[in-house]
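Visitor: According to Swiss-Prot, the feature transmembrane segment maps to 40-60, 79-99, 107-127, 183-203, 219-239, 249-269, an assignment based on sequence analysis.
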């Protein structure tokens, strides 16, 4: 594991974790392009999201501090927000634990990732079209997230277990459809990332953390990846919230459709290659050969997972 790989992964994680474009899908493709096959490398793909979680904590530190103090004082708004986050967290946590192996076996491949990117892109464009026809008049505050809305967002987040769907996309769209304003849906999505991504990272560390720590340069790669993902994610959060208010979700929808179509085309092209290339493609893909990387994903089915 080279530290430069950790920098690339950290930049990509920070850029895509909170954008509705699927960080998992992007990391799967970058990891294959870099030739990551070891358990340590794949664990790093998951663990560096702690940097993004820390960025949320820092960016929303005033909100979090106010909520914690309010819970101590039994402030109704603070208690409602904390319980809403817990309600929204539970569905994906339960589904992830129950179906983790099945999801990894059947959905972690270029075909499912491409399909999720394309379907999610059309969904975002459709929701954005509805929103533009009806001005954003949803509940304006995250404190307005009722338990019913929280459960709706939580069940929507379950679809993010499908690599390529995007946790950010499913929770923001779920919030909008449940009656929240775009701003409130986005803020709730960011806050929900703290328990969701934190739990996913702890789960993977417990299972595979030793492989990363024992790997040559593993600790250095972890520190570098965390630092880079934190710095990039902190910038992305601020820019994305302003961008979302002005332009909405549609541009990200078109990006998802274009990327999904490209991945699907590369995957189909690699699978239709001459049969004699099969033996070579079963080995780790060389750096820079994107088509071979996509084909390697299809053949091995061995990818980083997020429970």
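The backbone N, Cα and C atoms fix where each Cβ goes, glycine too.
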Visitor: Verify whether three or more Cβ pairs under 8 angstroms connect the transmembrane segment (183-203) with the transmembrane segment (79-99), leaving out any pair fewer than 6 apart in sequence.
Guide: yes
Visitor: Which sequence-distant residues neighbour the transmembrane segment (249-269)? Criterion: at least 6 residues beyond either end, Cβ under 8 Å.
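Guide: Residues 19-22, 29, 110-111, 113-118, 120-125, 127-129, 164, 166, 169, 172-173, 290-291, 294-295, 298.
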Visitor: Hey, which bits of the same chain come close to the transmembrane segment (183-203), Cβ under 8 Å, at least six residues off its ends?
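Guide: Residues packing against the transmembrane segment (183-203) from afar: 17-18, 46-47, 49-50, 52-53, 56-57, 59-60, 63-64, 81, 84-86, 88-89, 92-93, 96, 136, 138-142, 144-145, 153, 157, 167-168, 171-176, 237, 240-241, 244-245, 306-307.
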